[in-house]
């Protein structure tokens, strides 16, 4: 089968070396021995949060993004491993209230550290990214911090942001962005890196970088077209338009839209419900399904089917597959161990 996969057609363009190494490592961890078509070796695993008073999309200006990088930096990212019936679900809670959860150097460092730990933890089944600050998911870059950077510092820092967002996109388990508030610029790019996005109807989302005479630098120019189509993505980026939750659902940017509740966490609760739906499924199957979808979306159908075949082969020798068959025969819930 490996020979058949290697022979599958579908030439691809070159990819940034760092991204290629990242995906190669991810693929090796998910599917040891998996051989993708030669032109796909190291291919990027493609993808594929509420605020009141913000101006809606119809002709209105983008919300202002004034915030500070001052005050304390500890506890800006809270990593919670849920227990009991939610065991296996990890929640990354962004908690930088004084900076509207903007992407500072410290927050990027903390995100990178958390993602590095999670990607190799086989007890993790699903990851939810949310805000612990009412009304905000992530307001994008910390502009006050950015204003203090020299021109020579900006590029490398944006590259760090892009790398962390790519790491999130390449996590081996399902990821869900719970958008209960404002998600602008890098905040929306962070959400776009997740497998599934859910939002409150009052949430505001947009790639507004062109208002600052720059472009999205955290993957937005690539992931937004893949999510909603090229023409509409161009329109939204060119206009710096901001969408509310219902508008985002209508264009396919998010999967679910909820009316906000009194607690302000409607999207998070929906994300938690989805994560609970994922928990009973076979862990190995979930990982290789994500890999097959992500890799297959980047290539032609014939090559994608070869990728699916190679990924399916990884599930055949697993103990979980045998457990699934036995549980079906015995008419009981399966007890999967990720083996």
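Just so you know, glycine gets a Cβ as well, placed from its N, Cα and C.
Fair warning: this is a prediction, and the values are worked out from it, not measured in the lab.
Taken from Swiss-Prot, the feature transit peptide applies to 1-67. Positions annotated as N6-succinyllysine by Swiss-Prot: 100, 109, 144, 148, 160, 204, 329 (among others). As annotated by Swiss-Prot, N6-acetyllysine applies to 100, 113, 144, 204, 211, with the evidence given as similarity to another entry. The region 'RNA-binding' annotation in Swiss-Prot covers 105-119.
Of all the modified residues listed (100, 144, 160, 204), 204 sits in the most crowded Cβ setting, with the most other Cβ atoms within 10 Å. In the structure as shown, the Cβ atom of residue 109 (N6-succinyllysine) sits within 10 Å of 15 other Cβ atoms. With residue 100 (N6-succinyllysine) as the anchor, the candidate modified residues are 109, 204, 211, 329, and the one with the nearest CA is 204. Closest to residue 204 (N6-succinyllysine) by Cα-Cα distance, out of the modified residues 113, 148, 211, 329, is 211. Following the DSSP three-state reduction, the secondary structure of residue 211 (N6-acetyllysine) is helix. Residue counts for the region 'RNA-binding' (105-119) under DSSP, helix first, then strand, then coil, are 15 helix, 0 strand, 0 coil.
When the alpha carbons of residue 329 (N6-succinyllysine) and residue 113 (N6-acetyllysine) are compared, the span between them is 43 angstrom.
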